[in-house]
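S.K.: Reproduced below are the annotations present in TrEMBL:
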- 56-86: transmembrane segment (TRANSMEM)
- 60-493: domain 'Major facilitator superfamily (MFS) profile' (DOMAIN)
- 98-115: transmembrane segment (TRANSMEM)
- 127-145: transmembrane segment (TRANSMEM)
- 151-172: transmembrane segment (TRANSMEM)
- 184-205: transmembrane segment (TRANSMEM)
- 217-236: transmembrane segment (TRANSMEM)
- 342-364: transmembrane segment (TRANSMEM)
- 371-395: transmembrane segment (TRANSMEM)
- 401-427: transmembrane segment (TRANSMEM)
- 465-486: transmembrane segment (TRANSMEM)
Amino acid sequence: MGLVGVQENGNGEMALSLGNKNKYKRMDSELSDGFDNDASHHNHHQLERKKSTRKYVLACAIFASLNNVLLGYDVGVMSGAIIFIQEDLKITEVQEEILVGILSVISLLGSLAGGRTSDIIGRKWTMAFAAVVFQIGAAIMTLAPSFQVLMVGRVLAGVGIGFGVMIAPVYIAEISPTIDRGSLTSFPEIFINLGILLGYVSNYAFSGLSVHTNWRVMLAVGILPSVFIGFALFIIPESPRWLVMQNRVEEARSVLLKTNENDKEVDERLSEIVAAAGMSNGDKNEEKAVWRELLSPSPSLRQMLITGFGIQCFQQITGIDATVYYSPEIFKDAGIESNSKLLAATVAVGVTKTAFILIATFLVDRVGRKPLLYVSTIGMTVCLFSLSLSLALLGNGQLGIALAVLCVCGNVAFFSVGIGPICWILTSEIFPLRLRAQASALGVVGNRVCSGFVAMSFLSVSRTITVAGTFFLFSLFSALSVLFVYKLVPETKGKSLEQIELLFQNHNEWQGVEVELGDSEHLVQKA
């Protein structure tokens, strides 16, 4: 029979033993194992919730961005379709400029109305309305027997695009977790680029059909993305920030539970949103009307408006739409002659533009908004100036063609890696909640007006001062955009939407200097 004794374990602790076979386990070891199992189970649950949340938010961002495919597709497809429309309907050069540029001008009406509409019916149903209006316009364009009917469809399509372009970045910014907001809010720009690429491919694919048919098929294909938006309505939730503005706080909380990784973060976000909406102290009804506040802004709001409106205008006055809409004209001026080669060159532009927007999506929440803006605006300035020199000095030789294609591709690459997506990110995140939709709409108006002006004047201006001279002007505007970014754009990486509002109220902290990295990290941890 064994003797009961006390033995010392390897850690210098005492354990009770019974003979040589039976040993009693210490009670604190059992407790420790239990705690370890609980912690392991909790960590596994948190990891699963994190994966589920990210997938859900990603799906919401993708579906919300589908309207932007329509804008991109229209821009891309019209660059080639206009060649055949001109031949089929016998339109003049002025009518060609109007047809191409009117969509950008008319879309500002949709953008202006979109802000107020989204405040009334919600962000989600505004996206649905945008898709329906565009579908009607695209159908009319496809069946148009004359220039006049084609213009009617173009106007309706422009209104639908205006609604969609304005609301998508706002919606995505309002449902996204702080740490992923930059990359997710760049999705609309990704889908614009995807649409442009699809438009270029459509041009190339259907160019072999008869002149009367090919451009109609090209335009009809643009209806397809809007059909998927109908399915998206059954998946995506309403914006939690809009729900709070409607006093539907519990519904907002249920949405935040799906889009944030833990309950503590949900409660913090909800408190910030309620406070920002002015509900916490009951002063909501005492605030000035939104438009009155926008027309007579406070110093901090004025700073936000200058930043948001300015970045949107610079995105367009640097000539990106001229580069995309009229790339066949640019390459023709460089020396490419056949239509098939012109359309093939535009496909290369579309591939480049789409590839580099993916790079921006990966970097925007890691590197920050401002460094990418510097790379983008400086790179565009160099490419636009080089394109101007190439067209002016090298003539129509093989070297001139190669440099023209390289400079155009370089310009769209630098655009896509910075100012292209980031202008939408900034506009959707810098404004206070009560003003966000309509202030963002003002920024989109600036964007569409500049886009329309460039698109509707490019051919006339290039005939007057040459294509090379026109791109020299674009390079000057691009150089000015570098200065604008330095002086008037803050770094917003790692800050919640509510913290960004406070940043502008204390804009002396960032004006003329970069935000310190440590501050950004602190805000990420706090968020």
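Any Cβ shown, glycine's included, is placed from N, Cα and C.
Mind running through what each feature is packed against?
M.R.: Long-range contacts of the transmembrane segment (127-145) within the same chain, counting only residues at least 6 positions beyond its ends with a Cβ under 8 Å from a Cβ of the stretch, are 64, 66-67, 70, 110, 114, 117, 121, 152-164, 167-168, 171, 216, 219-220, 222-223, 226-227, 229-230, 232-233.
Long-range neighbours of the transmembrane segment (184-205) within the same chain, counting only residues 6 or more positions beyond its ends whose Cβ lies under 8 Å from a Cβ of the stretch, are 57-58, 61-62, 64-66, 68-81, 165, 168-169, 172-173, 176, 218, 221-222, 225, 324, 340, 343-344, 346-347, 349-351, 353-354, 357-358, 360-361, 364, 416, 420-422, 424-425, 428-429.
Away from its own ends, the transmembrane segment (217-236) comes close to residues 59-60, 63-64, 66-67, 69-70, 73-74, 77, 80-81, 124-125, 127-128, 131-132, 134-135, 138-139, 141-142, 195, 198-199, 202-203, 206, 209 of its chain (Cβ-Cβ under 8 Å, at least six residues beyond either end).
Within the same chain, residues 76, 79-80, 182-183, 186-187, 189-190, 193-194, 196-197, 199-201, 203-204, 207, 323-324, 327-328, 331-332, 336, 372, 405, 408-409, 412-418, 420-422, 425, 493 sit at least 6 positions outside the transmembrane segment (342-364) and bring their C-beta atoms closer than 8 Å to a C-beta of that stretch.
Within the same chain, residues 314, 318-319, 330, 333-335, 360, 363-364, 403-404, 407-408, 410-411, 413-415, 417-420, 422, 466-469, 471-472, 474-475, 478-479, 481-482, 485-486, 489 sit at least 6 positions outside the transmembrane segment (371-395) and bring their C-beta atoms closer than 8 Å to a C-beta of that stretch.
Here the transmembrane segment (401-427) has long-range neighbours at 169, 173, 181-182, 185-186, 188-190, 193, 307-308, 311-312, 314-315, 318, 320, 323-324, 327, 330-331, 333-336, 345, 348-349, 352-357, 359-361, 363-364, 369, 372-377, 379-380, 382-384, 386-387, 390-391, 394, 440, 443-444, 447, 481, 489, 492, meaning same-chain residues at least 6 beyond its ends whose C-beta is under 8 angstroms from one of its own.
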